[in-house]
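Visitor: What follows is a single structure, and I will ask about it in a moment.
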Amino acid sequence: MKAWQELTITVHREAEEAVSNLLIEAGSQGVAINDTADYIGQEDRFGELYPAVEQSEMVTITAYYPSSADIDDIRQTINQGLNRLKQCDVELGELTLTNQELAEEDWADNWKAYYEPARITHDLTIVPSWTDYEATAGEKIIRLDPGMAFGTGTHPTTKLSLFALEQVLRGGETVIDVGTGSGVLSIASSLLGAKEVFAYDLDDVAVRVAKDNIALNQATDNIHVAAGDLLKGLTQEADVIVANILADILVHVTADAYRLIKSEGYLIMSGIISEKLDMVKQAALNAGFLLETHMLQGEWNALIFKKTDDLSGVIGG
């Protein structure tokens, strides 16, 4: 019987996607993310709210490697990646890293047990790719393969981004998705009526994952995925730019975003932990944007900025 090696790492929530990416780059065949924040106010499949759980700033990420892989080499590679993240001032918290062997049938079933369909917004529901799910009238389905990494799409930062897209998209827009990761925001943009979506990520793994997830969904031929370093070198104008990435990186997006966004267009920024909110907000204001909406879930923030000369309807306008 073929065995798998299960490696579990506990890190600060802010580093969730960056560390997930490290695990995939080290050869993981799937990643499962357990975050207590995902259950706040969420209903289970029977319509009942999940019981109250103790909240923590830490999340647990579980990765799976073939039995033939050298787990000591993998741990060394991951530790080197974690050290690089520390040098970039990414908050990792008190790290723990453990591993164990797992039988084939346990691997096949265990990681899928983490994931169920989740209604995220009024219109959008995220459904694991293997689930037979029948949509209700008006419900828009985003199919994802969580085993490809980047979680399930139910993290608060993703939820806030989806709420923001639902708020600003009216149909016919051009959208740029910065740091696309799983591709969930690009898929949502298309489902919400965007005419064209351009998705970029610096990481080759993310580009592949996004393309694979987009292929799981209907009517997504209007999504174009490519490798790219934030918005550097782009000339394509957009009505909406959405970026759900680390706050320390968001501050480097605002100037290029202002250059590319059309008049009366929107910049959506998520992934902002509360202690770094003012830093990100000021970077966007300095670039020329006006703040229209501030959304908060737990310690996570999302901001909707508008490129406009009309001060009515904006915060402080």
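From the backbone N, Cα and C atoms, a Cβ is placed for every residue, glycine too.
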Visitor: Record says G179, D201, N244 bind S-adenosyl-L-methionine. Source is Swiss-Prot. Which of T154, T158, T220 does it list for that same site?
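Guide: It is T158, as the record lists it for that site.
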Visitor: Secondary structure at G179 (S-adenosyl-L-methionine binding site) (DSSP, helix/strand/coil)?
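Guide: DSSP call for G179 (S-adenosyl-L-methionine binding site): coil, neither helix nor strand.
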Visitor: Would you mind listing, in sequence order, the residues at least six apart from D201 (S-adenosyl-L-methionine binding site) in the same chain with a Cβ closer than 8 Å to its Cβ?
Guide: G179, T180, G181, V207, A210, V225, A227, G228
Visitor: Per DSSP, to which secondary structure element type does D201 (S-adenosyl-L-methionine binding site) belong, with helix, strand and coil as the options?
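Guide: D201 (S-adenosyl-L-methionine binding site) sits in a strand per DSSP.
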